[in-house]
Every structure is written in C-alpha cells, then in structure tokens.
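This report refers to the structure that appears directly beneath it.
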Amino acid sequence: MKDLFQCFLAKIILVALASSFVSCYDPSPLQDYCVATNETNGAFVNGRFCKDPKLVTANDFFASGLNIPGNTSNRLGSFVNPANIPGYNTLGVAIARIDFAPGGQIPPHIHPRASEVLLVVKGKLLVGFVSSNEYNYTLFSKILYPGDVFVFPIGLVQYHANIGKTNAIAIGAVGSQNPGFISVGDAVFGSRPSIDPKILAKAFALDINTVRYLRKVFSPQDDIVE
C-alpha cells in the first residue's frame, strides 16, 4: 500500500512539474521584483543584475514618452518605440508604441517567446496571423479601428499594416520582457552569411535572379554564397 501511495505521489509531482514548465515562458519570480541595474553586484536574474531592493523607487517601474510620435521615414513606414522600464525584469511583460505612416507596416514577423496584444489608438490597421501547418496555414485577419484589440499567439507569423489615409498609432503589449523579433524577409533573404540562392529559389518558387535582387534589398553584404 505504501509503495502504491509513493508511486501515485511521484506521478502527481511529475505532472505538476511538467505543467509548470509548459505554461511558463519567463522564469517565475521568487521575489516581489528584481529591478534591472547596470551594476555588477547582487543577484543575477534573467541576464541582468538586480538592484538592491532597499534602493528601489517608483521610477524603476515607470516610463514616459509613449505619447511622442516616432519617425516613420523609412522603407517600411513604421516605427516601434518600446518603453524602457528597469522593473520589467522577471515580470514577463513589455509594452511599446507603434507608429505607422499611411501605407506603413510591420512586415510578417514572429515573436518566438511571447504572445502579443495590439490596441489601436488611432487610424485603420489591417492585421493578421497565420496558423501552423497543423491547422492548414489558416489566415486570421481583421481590420481594426481605434479602441479595437487583437491578440497574436506566440510563435506564429503576424503582420500589421496601415490601410488608412492618415497616420496610425497602436500599443503592443507582450507576455515577455524580451519577446524576440524575427522578420521573415530579413531572416530568409538577409541572413549572414547568406543562404544559397539556389535553395531559396526552389523553396519559394522564384527565379534565381529575383532571389539575388531580394538579397541585395534585405542584406547588401559581401559574404554572398553562390
């Protein structure tokens, strides 16, 4: 009977451990907060040293400037301004302002470590994400107006585009202090060193000269593989 109970208890512990590993992406904090600091003493958590808790102030959890428009004078016509808050560390959240010129976009990309919630503040955005092959690469797309919210699952290809005639503003919040950002175009055509153009031409059903052109657009570099 004792052996059966021990076996049952071991299974319960294994299930609990497995559940915690699966459901948690950023480490679960073991303290109220761990304000990141550039000092090199104290506890080292999530790749940053923690500020002495006795020296922490309200400003460590505060940021301003998300009311300031970003410079969208670039190829994509967009600008992302993340709030820099030392108190983010170990809390598993982050937030940013995203500005779009008319026709501007955040191109197809992936956040490998976080889901995202997007709130439109101004303008008219077309947003969407694509499911994995398990769900037949289904596109989920929506036109958003001020006050509308859309959520993007972790690790799936997503995009945001301004389809209005005026500037647009959105607030993006993610479930990680460092969600990561992988632009599909930059990763595929702008890798360093470059992927063999013959591989890309076959993979994307493109003429090899088109691949070479795209590489020059995404990564004008000398270490080109032919």
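The backbone N, Cα and C atoms fix where each Cβ goes, glycine too.
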Cysteine paired with Cys34, where TrEMBL records a disulfide bond, from Cys7, Cys50: Cys50
Sparsest-packed of the listed binding-site residues (His109, His111) - C-beta count within 10 angstroms: His109
Separation of alpha carbons, His111 (Mn(2+) binding site) and Cys50 (disulfide bond) (Å): 26
Mean per-residue pLDDT computed across the domain 'Cupin type-1' (64-212): 96
